[in-house]
Amino acid sequence: MTTPATTDALKSSRLAILGYGSQGRAHALNLHESGLDVIVGVRKGGPSWEKAQADGLRVAEPAEAVKQADLVAVLTPDMVQPALYHEAIAPYLKPNAALLFAHGFNVHFDQIQPRADIDVILVAPKGPGALVRREYEKGHGVPCLYAIHQDASGEARAKVLAYAAGIGGARAMLIETEFAEETETDLFGEQAVLCGGATELVLQGFETLVEAGYKPEVAYYECLHELKLIVDLLHEGGLAKMHQFVSETAQYGDLTRGPRVVNDETRSRMREVLAEIRDGRFAKEWVDEYKAGNGNYRAMKERDLAHPIEQVGATLRARMPWLAPAGG
Ligand code: NAD
Ligand code: MG
Ligand code: MG
Ligand code: MG
Ligand code: MG
C-alpha cells in the first residue's frame, strides 16, 4: 500500500492553493517548504489574504492564481466550491493542468463537472490541517488517501503522488482510493460514528441519567468528559489497549451491555444512512438546504447548542483550565 513518491513531477509546476483555512494553510506551507512554487488564491481584503502574506507566501485573487497554475488545489469549504469553479477556475485553467480536491463530494455528486481537458485528482490527508502542518514540521507526515478521477494529461498519477509527497503524506503512507469510496466513507463516518453517532450516544446517556434523578454535573463527567480517555486508548492501541486500561468490571459491562445499546436496530439505521449517501439523497438534501439559505441547518444547530449539557459543560470546563483548545 505504501507508495514511494517524490515531488519531482511538480518541480517545474506552479501550484495554486485556493482557500487558506484548515487544509489550505497546511498544504500551502508544506508544499512551499518542499521547494515547490506555490501561490495562494484568496479574496483580496479578506483575513486569509493577510494571513498567507504574513506566512511568507505569494498571494493573488483566485482567478489570477488559477491563470498561472499547472495545478489548482480547491481547499475552500465544499459548498462554495461549485461557484468558485464556475467563476474563477473553469474559464482560466490551462489545458492539461490538474484540479485537485481534498474531498470528493462535488465531483462525485456532480456539483462540479470538470472540463474534459484537465486532470482531476484527490489528496485527502487523514487528519486536520493543524496536524498535517505539525507533523511536516517535525519531519514526519500524515497518511493520505489519493485518487484519480480524470487523466487528461497522462501525468495525473505522477502529479497526485508528487502533491501528496509535497505535503508530507509520503513520509507516512499513501493509500489509493476512488472519489466514490473517499466521499461515501467520509460522509458515513462523520454521520453514523464520529459526529452524529458519538454526540447522540453522549446526549442520550446524559439524558437517561438526569431523568433518573442523577446530578447533571456527575452525568456530564460520565457521559461526555470521560469519552476522551476511552477514545485515546482506542486511537493509540485499538480494543486491546482499551481492555488493558479499564477495570474488569468496565470490561464485563462493555461486553454484555454494549451490544444491547448499539444493536441490530442501530445497524439497520446505519445501513439506511449509508444508502442515502450512496444514492445521492443526502447530497441533494444538503445542497438544497445550503442553496435555500441554511434555515433548517441553523435552527437544528441552535437547538443542539441549547441542550442542558452545554450549560453544565461550560461551567465545569471553566474549572478545568488544562483542557486543550479544540481543533489544535
Ligand atoms: P476551512 O473552512 O478551514 O477553510 C476554508 C477557507 O476557504 C477559508 O479560510 C477561506 O480562505 C476560504 N473561503 C471561504 N469561503 C470562501 C468563498 N466564498 N470563496 C473563496 N474562498 C473562500 O476548510 P477546510 O476544513 O480546510 O476544508 C477544505 C477542504 O478540505 C474541503 O473540501 C474539506 O472537505 C477537505 N478536508 C478537510 C479536512 C479537515 O480536517 N478540515 C480533512 C480532509 C479534507
Ligand atoms: Mg473524514
Ligand atoms: Mg468530511
Ligand atoms: Mg449530534
Ligand atoms: Mg467511570
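Glycine is treated like the rest: Cβ placed from N, Cα and C.
No curator has checked TrEMBL annotations; they are predicted automatically.
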Determine which of GLY129, GLY139, GLY141 appears in TrEMBL for the same NADP(+) site as TYR20, GLY21, SER22, GLN23, ARG43, SER48.
GLY129
Based on Cα distances to GLN23 (NADP(+) binding site), point out the closest of the recorded positions HIS103, ASP186, GLU190, GLU222, SER247.
HIS103
Could you say which of the recorded positions ARG43, HIS103 has its Cβ with the most other Cβ atoms inside 10 Å?
HIS103
So if I measure Cβ to Cβ from ASP186 (Mg(2+) 1 binding site) and keep only same-chain residues at least 6 apart in sequence, which ones fall under 8 Å?
HIS103, GLY104, ALA124
Check the binding-site residues SER22, GLN23, SER48, SER247 for other C-beta atoms within 10 angstroms of each C-beta and report the one with the most.
GLN23
In the domain 'KARI C-terminal knotted' (178-323), how many residues does DSSP call helix, how many strand, and how many coil?
123 helix, 0 strand, 23 coil
When distances run from the Cα of SER48 (NADP(+) binding site) to each of the binding-site residues GLU190, GLU226, SER247, the nearest one:
GLU190
Given the model, what does the mean pLDDT over the domain 'KARI C-terminal knotted' (178-323) come out as?
97
